[in-house]
Amino acid sequence: MHALGNNYIYVSTFDTKLPNVGLADLSRVVSDVRHGIGADGLILIQPSTVADVGMRIFNADGSEAESCGNGLRCVAKYAYENRLVVESQFSIETKGGIVQANVQVLPNGLAGMITIDMGVPKFGPESIVYTGHDTDGDDVVIEVDGIRYVGSVVNIGNPHWVTVVDDVDDEFVRRVGPKVESDEVFPERINVEFVSVLNPKEIDFRVYERGSGVTFACGTGACASVAALIRKGFVGDRVTVHLLGGDLEIEQSKDGRILMTGEAVTVADGNFHWPA
Ligand SMILES: N[C@H](CCC[C@H](N)C(=O)O)C(=O)O
């Protein structure tokens, strides 16, 4: 499945037995377009004792993340269409907390747009694992090639560093993104977002994801970016985020919750033959 081109291999443990391998290895193999299938990572859809369904997400490098916005919308679509849940509104457990899904049901009974209530984000270096000292409120300064860049730190289940740029330039994202992602002040690494404010209701967005690199879209990154920009007064409380793969609608509720609405697409289903 994919959401705005951010694709993962989804395995439901409700009806599939996982091969007897480490999940990090499984994610690395299935994500490899030459030796596996090709994706930004692996997502497990599994039973939960504290929510209607559970999700675990592994990046292409095998690292496990706390949450995944695009993944949550695809999990919600799968859970609804495969009758893992009975209602169109239900809860999903992630390592980063429990979120609420709301599935738009189309006339044909399939899932349309999906809204995930991502909860209230936390802000600033104290909300993540950070070992540096170059901070200013929510912001953390990272030096790359002798230039100091300021970014807002947001924890929306997983960690993000959001920097405002005049123009989201691909070369800049690919050059600066990995150096921030793996800077020593972030022992657990971090997702890196580059945003350009077009007007109070629209931003351009690019991402260098922790563990997957440049992806077409990052749902948690879009949520983190809008939350950070609202705090700075740069945008209103309803923003269209223009990502490489398409648009997400992000809204902050009166009580500070971040709501993300967007697509989820099923590409194929079948059996993966683990190498002997
Ligand atoms: N790379 C992220 C996980 C995937 C997030 C992204 N694909 C999304 O849609 O939120 C991390 O290590 O926290």
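Glycine is treated like the rest: Cβ placed from N, Cα and C.
Please treat TrEMBL annotations as automatic predictions, because they have not gone through curation.
Marked as substrate binding site by TrEMBL: ASN6, ASN59, GLY69, ASN70, ASN158, ASN191, GLU209, ARG210, GLY219, THR220. Long-range C-beta contacts of GLY69 (substrate binding site), restricted to its own chain and to partners at least six residues apart, with a cutoff below 8 Å, comprise ILE116, MET118, CYS218, GLY219, THR220, GLY221, ALA222, CYS223, LEU248, MET260. DSSP assigns GLY69 (substrate binding site) to a helix in the three-state reduction.
According to TrEMBL, the feature active site maps to CYS68. Sequence-distant contacts of CYS68 (active site), defined as residues of its own chain at least six apart whose C-beta falls under 8 angstroms from its C-beta, comprise TYR8, GLY41, ILE43, MET55, ILE57, THR94, ASN158, GLY219, THR220.
Under the heading active site, proton donor, TrEMBL lists CYS68.
In the structure as shown, the Cβ atom of CYS218 (active site, proton acceptor) sits within 10 Å of 35 other Cβ atoms. Classification of CYS218 (active site, proton acceptor) by DSSP places it in coil, neither helical nor stranded. Taken from TrEMBL, the feature active site, proton acceptor covers CYS218.
Mapped onto three states, the DSSP output places GLU209 (substrate binding site) in strand. Listed in sequence order, the residues of the same chain lying 6 or more apart from GLU209 (substrate binding site) and placing their CB within less than 8 Å of its CB are ASP40, ASN59, GLU181, ASN191, VAL192, THR215, CYS218, GLY221. Note on ASN6 (substrate binding site): other Cβ atoms within 10 Å of its Cβ, all shown chains, come to 29. Taking the mean position of the Cβ atoms of ASN6, ASN59, GLY69, ASN70, ASN158, ASN191, GLU209, ARG210, GLY219, THR220 as the substrate site, the remaining same-chain residues with a Cβ inside 8 Å of that point are ALA65, SER67, CYS68, GLY71, VAL207, SER212, THR215, CYS218, GLY221. The number of other CB atoms found within 10 A of the CB of GLY219 (substrate binding site), across every protein chain shown, is 27. ASN158 (substrate binding site): 25 other CB atoms within 10 A of its CB, across all protein chains.
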